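Q: So TrEMBL says this about it:
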BINDING   ASP31, PHE32, GLU33, TYR34, ASP35, SER80, LEU81, GLU109, ARG132, GLU168, LYS283, LYS307  NAD(+) binding site
ACT_SITE  LYS111  active site, N6-AMP-lysine intermediate
BINDING   CYS401, CYS404, CYS419, CYS424  Zn(2+) binding site
DOMAIN    657-734  domain 'BRCT'
Amino acid sequence: MDIGARIKELREKIEYHNKKYYEEDAPEITDFEYDSILRELKNLELEYPELATPESPTKRVGGKAKRGAKQIAHDVPMLSLDDRFSREEVADFITKIQKEVENPVFIVEHKIDGLSVALRYRGGEFAEGMTRGDGISYGEDITDNLMMIDTVPLSIPEKLPYLEVRGEVYMDNAAFEAVNERQEEIEGKIFANPRNCAAGTLRQLDPGVVAERDLSIFVFNLQAIQGKEFTSHAETLDWLATQGFAVPKYITCTTEEGVWDAITLIDETRGELPFGIDGAVVKLDNLADREKLGASSKVPRWAIAYKYPPEEKATKVLDIEVNVGRTGRLTPLAILEPVRLAGTTVSRASLHNQDQIDRLDIRIGDTVIVRKAAEIIPEIVRVIKEQRAHGTTPFKIPDRCPVCGAPALRGEDAADIRCSGINCPAQLARLIIHFASRGAMDIEGLGPAAVHSLMDKGYIKDIADIYYLKNYRDEFIASGITPRSRKQVAPYKDGRARKQKEPDYTASTDNLLAAIERSKEQNLERLINGFGIPNIGKQTGSILEENFPDIQAIAKISYDKYKQLQDSEKQLKKERSKLAKLLKTSTKPEDVELLSEMDKQLSDIGKELKANGDIKGIGEVSIKAIAAFFAEPQTKVILERLEEAGVTMKSRSAGKVIDDRLEGATFVLTGTLQTLSRGEATQLIQEHGGRVAGSVSKKTTYLLAGEGAGDKMNKAQSLGITIITEAEFLHMIE
């Protein structure tokens, strides 16, 4: 490959990874890998300056602001830092500074792994805040979200006319684990590391989400100030601390050796920190000297970031355990011979899924290389196959749940394998929360806190128990279904406290029981979705309700029968094809009669196949999941108890089609419609003979788009799919 082509390839790679990191908060490579690519491009552009361009990613800072986000202009650029990867490179930086500045003093700090922001104060009050954005012209307005972070002071003691500071918003390790636990519980996105989680949280449209996730901030630089003057960076940090800002600890140094000792100390102790860092920052302390040295278009000349190489160690896989998470996901976990890594002892590492095991070919007894992803999460990088013992065998995740014994099923186009058991102890709380959620039975008041409380007290042991809670009404009123905080009562004007009222659980108990009673009338689609069967959501539930009269008919679906019928149909179609060809040259009455008999048999097989789930919109993996779920003895017991409690088990829409004006049309819904809910729109489409799909493809006929349409809109436009509004849709079915 010639130099020009290599430079082009590197630029495209960097642009791609910039978008994943800055705009989508979903990086696919480590910082170290990214820095290596950027470094190669920088070196090539220095060696071949005629190939360097102003548009090169080496000349820009950060990424773009998210589409739709309000922008705030930067008064002071939020530049990035030049990276260094060795002691020699750090020494080179120190030497250059010493040539320009007499007796320079350096500050060494942690480089916090988070999202860079600027905070502005006017008259001592927090006025606005923004992300780095492009670093030069503008950033995203995140003022409301920053106000939800406890460590962002909303006012400071000194009421200066203007103050702008720069900081790093991050999530500590404990908060990160808590967020992922909650995400798993509600089947939300699982974040790869605290940095991704912090960045994604800070860009939320709902400040309430930010308040829930316990973000923090370190303020590390004074960008601009009116009404006060400083001579050194250390002075600014000390003063900022007196104003209520959390500032990083720093080490003051005067020599290259001192700077390197500080970098080494941070490296040796970073494993003990409650938050992630991705390096150490070396800064010139004197502010006047900083002004003298200035900056390039991308980085200041008075500071650098030293990036620690990812530490890797060899260890042995002693065993592979399979754990069952709250969502029923079976996760393989490598049990390792303990090894010291990045300041902590590592004795286990997640293998994520079967695909990861197969890709790395990890076996029990293997010697492997381990490192910490994002300096926090242990991961196996590769197997040293030269050291593999003879006789080892590939590891396969079991086909039954190790906790409850129910079938473990893999989803369509998914890497995860999940337990299908409705009463699996490992995932029971998550199942019940899902069953009560808005998308399923919509039981208002039966959220995660109430479910955990009721389970802890023994009132709920399975889904059916929900409909027998009315028997404990008096107990709930006496003790409270969930811990409820007293309503805060404002004090009297003279400062005397008013008496706090004791909480009354009568209304909350009756409201919950009424919501449970109402849920009995939900349609079959919601009940099926509520069961939490792997790969079976609202869309599949809707198709099942359209094609089956009741839950008992769905429960008779047999995957084995389905496969047997498929084979019979295939063989019969083959024989019929031969006979049809023969009849082109022969008109024997017995052959004509045989062809008619074959057509009748094919029709009968088609009906049986439909009874066993062979319906447009339901694939083989879904049929297998449905059959496995309803074949479990525990499922049959729960169905009996639900029916006994009066929960609707019959379909309201099987065979119900008003007309066929939308027959053959496939719709995909996106965004928020003005007057219809998604469920109502889906029902109207089906009643008029149409079909609803979950994703846009070449087979999509219409994209019904509401407010806030996202990626589906872009894909539909690229495929030339007809995009219609709610008004246009309603006109179609008038």
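The backbone N, Cα and C atoms fix where each Cβ goes, glycine too.
In TrEMBL, annotation is done automatically, which means it is predicted and not curated.
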Q: Sort the recorded positions LYS111, CYS401, CYS419 by C-alpha distance from ARG132 (NAD(+) binding site) and give me just the closest.
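A: The answer is LYS111.
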Q: Using a 10 Å radius around its CB, how many other CB atoms surround ARG132 (NAD(+) binding site)?
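A: Looking across every protein chain shown, the total is 24.
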Q: Out of the recorded positions LYS111, CYS401, CYS404, CYS419, CYS424, give me the one sitting nearest to LYS283 (NAD(+) binding site) by CA distance.
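A: So, spelling it out, the nearest of the recorded positions is LYS111.
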Q: Name the residue among the recorded positions LYS111, LYS283 whose Cβ has the smallest number of other Cβ atoms within 10 Å.
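A: If we count Cβ atoms within 10 Å for the recorded positions LYS111, LYS283, the smallest count is at LYS283.
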Q: For the recorded Zn(2+) site formed by CYS401, CYS404, CYS419, CYS424, name the remaining residues of the chain with Cβ within 8 Å of the site's Cβ center, in chain order.
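A: Checked against the 8 Å cutoff, the neighbours are VAL324, GLY328, PRO402, VAL403, GLY405, ALA406, ALA408, SER420, GLY421, PRO425, ALA426, GLN427.
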Q: Going by C-alpha distance, which of the binding-site residues GLU33, ASP35, LEU81 is nearest to CYS419 (Zn(2+) binding site)?
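A: For CYS419 (Zn(2+) binding site), the closest Cα among GLU33, ASP35, LEU81 is found at GLU33.
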Q: Fewest other Cβ atoms within 10 Å: which of the binding-site residues CYS419, CYS424 wins that one? Let me know.
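A: Comparing Cβ neighbours within 10 Å for the binding-site residues CYS419, CYS424, CYS424 has the fewest.
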Q: Quick one: pull the CA-CA distance for the residue listed as 'active site, N6-AMP-lysine intermediate' versus CYS404 (Zn(2+) binding site), whole Å only.
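A: It is 46 Å, counting Cα to Cα.
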Q: Counting each residue once, how many in the domain 'BRCT' (657-734) are helix, strand and coil under DSSP?
A: 26 helix, 17 strand, 35 coil
